[in-house]
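Copied over from TrEMBL:
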ACT_SITE  GLU182  active site, proton donor/acceptor
ACT_SITE  GLU258  active site, nucleophile
DOMAIN    39-333  domain 'Glycosyl hydrolase family 59 catalytic'
DOMAIN    347-459  domain 'Glycosyl hydrolase family 59 central'
DOMAIN    496-557  domain 'Glycosyl hydrolase family 59 C-terminal lectin'
SIGNAL    1-25  signal peptide
Amino acid sequence: MSSNRGFAIFFLELYLAAWSQEVAAGPLVVDRTRLGNTFDGVGGLSGGGATSVLLPNYAETSRSEVLDYLFKPNFGASLQILKVEIGGDSQSTDGTESSHMHDSETVDLHTGYEWWLMQEAKKRNPDIKLYGLAWAFPGWVGEGSGDPFKFPKQTARYLVEWVTGAKSEYGLDIDYLGIWNERSSDSNFVQVLRKSLNEAGHTSTKLVVKDGDIGICNDLLKDKAYADAVDIVGVHYPNDFADFSACHQLAKPLWASEESSSYDDMNGAACWGRVINSHWVLNKMTASIMWNLVGAYYHGTNWYASSMLTSVEPWSGHYEVNPVIWATAHVTQFTKIGWRYLVNGSGSGELPRGGYFATWVDPSSTDFTMNFVKISRDHASCTRPHLPTFQTSEENVTVLLAPSMRPPAELEVWYSNFEAYGNAEPPLFQHSTVQVHNNKFSLHIPVGAMITITTIKTGGKGSFQHIPPSSPSFPLDYVDDFQSTDDSRNARWFADQIGSFEIHRAEDGKRSLRQMVTQLPIGWSDKGSRGPMTLIGMREWQDIKVQVSFRLPAASAKRSPADAACVGVRVDQMWQNGVVLCNLAHVDAYCDIVRSAEHP
Ligand SMILES: *[C@@H]1O[C@H](CO)[C@@H](O)[C@H](O)[C@H]1NC(C)=O
Ligand SMILES: *[C@@H]1O[C@H](CO)[C@@H](O)[C@H](O)[C@H]1NC(C)=O
């Protein structure tokens, strides 16, 4: 008896093995009656910090072309969300962005360039969502304590002024507001902020917490009043293989509110292409935002070459459209915020031989879009977090469209391969079509592929003729007397690193570049360094001559360290090394300095 039984089980196992292979090879069923969460979009992040600084003064027509590649629908990245830094007067990675309130009295809505960028984005895509987040705060919000939550009403007023100013000065609605990038959040503060926004009429501005790790989900579960004040949970560089059950219990949209930070080559595109798909399939995240939007920060500052598009030559107008643009286009050009994902198993899931696929449907029409991505372990890593090992191999899948999909006879196909090395022209966002027979179509998915299958016919691979050739050297001789720059703006091609330098009129009515930060800010990465500095030109310079006219504050104020004006060459962004010559002028309030650094 016992041996017979063993025999029977042996056959049953064989049968099961054969059956499960059959299922793996069977069609992937797509059924629009199985709606999942609402899609919240794919975005880019300007700031954190000063990553766009060289763009506002970029040579035209290149500047408009760069903006088209980022924001214009059916052209390039066609972004659905623009997240910007709320300038906080302190170093936030690649520089300082000017605050709208250097002190508690004055609101200046003409500082910085994020206002400009948001307007340019909206001009191209009125549906783009706007998201503001502070990295640093001016010192006054904490009254010198270094804690932005100690005087919650004051910090809330500071953020509400930014949201109000966006509307009153520029007609911009701020859709989402964060708290403090990758630093603490605070239950009481978030409740006060919510109340302050409502009182100012910004009831539709949603709050995102906390732009950091997933610990926030447990914090919110334990504190109902905190959770009630929050609309969206935004986590950074989420690990798809971590446990998100606490976040899911909150039943709030879960976003990768900062992602990538990866090199902007084919691997960066592979990382980004993978996560904008896998974050939904594995953990039900409904938006991803890439750091950073545009590489318009000097070579030699932090995280160079981690951008959707590189534009570091404002003088020549040269720019580079990185493959990350096309990974983004695979989703953004064929979906809209408000479309619904289809649930796991009915349009979304893991591919049998490794990789992911997701389906979005337009709830108000028969349109739908599918995206497939299969990246090998060697090419799938983003800068963080660590990825476990996994296998991928090429495969052929059959997709069965349920009657609910109203299958059309033909679908549009857009194909990229981010592992196609050795090709002179790797396939990036190539268009073709696929026929649907008996509600089915077949698809070959090689390793490295990102493939979009869609009913949407408006996709387009935008291009411009005659991008100016690269000319990496900063053009010398260079002179600026600042008289033609508008008040409150940053000076052309200067990149503030510590402190904020803006154009304002001196007592004689002439414009000058003024350092605006006199109290230590509540910093993000710089908690109190050697004091203000702004960069221009190239760290590689040798044998150059610099001439600067400057003025120090009245000598009566004996500050420590003493007021000084310095000129440096070959310095890093925190001027920890380089050659720096300072004039500690206590005597004359007006003097000129001429320094040359011919033998560094
Ligand atoms: C979706 O299905 C895949 C297998 O296809 C699984 O690995 C994943 O955990 C599922 N996601 C969710 C959110 O349950
Ligand atoms: C997929 O189909 C192609 C032909 O279209 C074939 O060359 C390839 O071997 C197939 N791959 C697998 C894994 O069956």
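Even glycines carry a Cβ here, placed using N, Cα and C.
In TrEMBL, annotation is done automatically, which means it is predicted and not curated.
Remember, predicted model here, so these are calculated numbers, not experimental data.
Here the domain 'Glycosyl hydrolase family 59 central' (347-459) is broken down by DSSP into helix, strand and coil counts: 7 helix, 50 strand, 56 coil. Secondary structure at GLU182 (active site, proton donor/acceptor), as computed by DSSP, is coil. Counting residues of the domain 'Glycosyl hydrolase family 59 C-terminal lectin' (496-557) by DSSP class, helix then strand then coil, yields 0 helix, 25 strand, 37 coil.
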